[in-house]
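Below is one structure, written out as structure tokens; the observations come after it.
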Amino acid sequence: SFSAKDYHDPPPAPLFDAKELTKWSFYRALIAEFIATLLFLYITVLTVIGYKSQIDGNADSCGGVGILGIAWAFGGMIFVLVYCTAGISGGHINPAVTFGLFLARKVSLIRAVMYMVAQCLGAICGVGLVKAFQKSYYKKYGGGANTLADGFSTGTGLGAEIIGTFVLVYTVFSATDPKRSARDSHVPVLAPLPIGFAVFMVHLATIPITGTGINPARSLGAAVIYNQDKAWDDHWIFWVGPFAGAAIAAFYHQFILRAGA
């Protein structure tokens, strides 16, 4: 037939796949997610705290890497880590991404839940390393924790997290679409690059509002180690917003763009 598909949508992942639990590849994937999220938080939170300590009491407010450098740390690390782990675990490094891919039936429920646990534990350990290295600076410069900035309403913060995560998860779906690799096979699309770039761009827009979460593990890891009231009071925003944004992105890509193909 004339409209034969030159690509194949993988079958939906089973909801419960007990076989996964017997495979070494499943545990290898969990280890990869744990280590990747640990490294992600280690580099990014160290960058945030280094930046804040550089501009503190410095007449030159352009000291340090600046907001731009922080956005690069987050986007650049996601690029590097998705590149490194994509072949092992799929390179989620973010419970919201895992949630979106679960809703689209790309991963089983067991895998989704276990990934989120691994990501959150990795994040906590990564920020723990930062605190160990920067004892003197860590508490003083906010611990890299996500909080709502002064002058912004809860609704604004929540909206920023929803839209920001939508941009990220929509990019993940687009970059990993089997249709794309078939259609654009003459243009090699390096999936980690647009995904890292999405993280970079969202940080540019959202750092002044919420410090940019768009990743519940990143927010949880920082909140656990920093452990101050303000970070915990605002913490729900950094789960509800990203999960809502991921759900909207999954629906948009699967049903609007792909017509539930």
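The backbone N, Cα and C atoms fix where each Cβ goes, and this holds for glycine too.
Automatic, uncurated: that is what TrEMBL annotation is.
Summarising the annotation, TrEMBL assigns transmembrane segment to 26-51 (among others).
If one looks beyond the transmembrane segment (63-88) by at least 6 residues along the same chain, the residues whose Cβ comes under 8 Å of a Cβ in the stretch are 28-29, 32-33, 36, 39-40, 43-44, 47-48, 50-55, 190-193, 195-201, 203-204, 207-208, 212. The transmembrane segment annotation in TrEMBL covers 63-88 (among others).
Beyond its flanks by at least six residues, the transmembrane segment (108-130) meets 13-18, 20-21, 26, 29-31, 33-42, 45-46, 49, 89, 92-95, 98-99, 101-102, 138, 143-144, 216-218, 220-222, 224-226 of its own chain at Cβ-Cβ distances under 8 Å. Here TrEMBL flags 108-130 (among others) as transmembrane segment.
Long-range contacts of the transmembrane segment (189-209) within the same chain, counting only residues at least 6 positions beyond its ends with a Cβ under 8 Å from a Cβ of the stretch, are 67-68, 70-72, 74-80, 82-83, 86, 91, 148-149, 152, 156-157, 160-161, 164-165, 167-168, 171-172, 174-176, 180-181. Residues or ranges marked as transmembrane segment in TrEMBL: 189-209 (among others).
The list of residues near the transmembrane segment (236-257) in space but at least 6 beyond its ends in sequence, with Cβ under 8 angstroms from a Cβ of it, reads 94-97, 99-101, 103-104, 146, 148, 154, 157-170, 172-174, 177, 210, 213-216, 219-220. TrEMBL lists 236-257 (among others) with the feature transmembrane segment.
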